[in-house]
Amino acid sequence: MTDKSTARKKITRIGIGGPVGSGKTAIIEVITPILIKRGIKPLIITNDIVTTEDAKQVKRTLKGILDEEKILGVETGACPHTAVREDPSMNIAAVEEMEERFPESDLIMIESGGDNLTLTFSPALADFYIYVIDVAEGEKIPRKNGPGLVQADILVINKIDLAPYVGASLDVMESDTKVVRGNRPYILTNCKTGQGIEELVDMIMRDFLFTHVQPEGEQA
């Protein structure tokens, strides 16, 4: 029989993947303060191949918002998708270390290194995953399919403010996304202005944390 006094709650693990420069780190940086404001206790793990630069960046950005000890960089030394799918042992060890140190946490975000459209997360590592693409990669990106983009629990189409500068139609990108993803959710975001970010947090809380999202204007 399990001793309830020592039983540890399940901390939800969310993978965040996508190509280099799509805004994975920026997404983490903008959703973290909102999650904290809503009472969620997050942890963050970032992946880089030969550095821990993303972790350093996140620590600088979230200084005074999230304790630095709750942000961990993993230097994988390997292909990004290998470290989160084929052999996620380094990341699993990092996750277990963080869960052991901060058992009161609700959520751990695991950012992969930048990779191509085939990147997915091993279910041994992540319970859910978000895939981030950006408009500057080209209007045709959703049409290219790829398991990462198609199978993600949430697809984020980021940097929508750049659409007019790169000749991309957001209407076309949305239409193509609906074709390749069916009913799977997606959202358009702009990390600089905050467009779509609150809604993304709503989706995370509702679909990943199974937490009631209070409609705007509703009294607690």
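Placement of Cβ uses the backbone N, Cα and C atoms for every residue, glycine included.
Proximity of Gly21 (GTP binding site) to non-local residues of its own chain (separation of 6 or more, Cβ distance below 8 Å) is seen for Gly114, Asp134, given in sequence order. According to Swiss-Prot, the GTP binding site annotation covers Gly18, Pro19, Val20, Gly21, Ser22, Gly23, Lys24, Thr25, on the basis of sequence analysis.
Secondary structure at Gly23 (GTP binding site), as computed by DSSP, is coil. Residues Gly18, Pro19, Val20, Gly21, Ser22, Gly23, Lys24, Thr25 make up the record's GTP site, and a Cβ search at 8 Å around their centroid adds Gly114, Val132, Asp134, Asn158 from the same chain. For Gly18 (GTP binding site), the same-chain residues that are 6 or more apart in sequence and have a Cβ closer than 8 Å to its Cβ are Lys24, Ser112, Gly114, Asp115, Leu119, Tyr131, Val132, Ile133, Asp134, Gly148, Val156. Around the Cβ of Lys24 (GTP binding site), 27 further Cβ atoms fall within 10 Å across all displayed protein chains.
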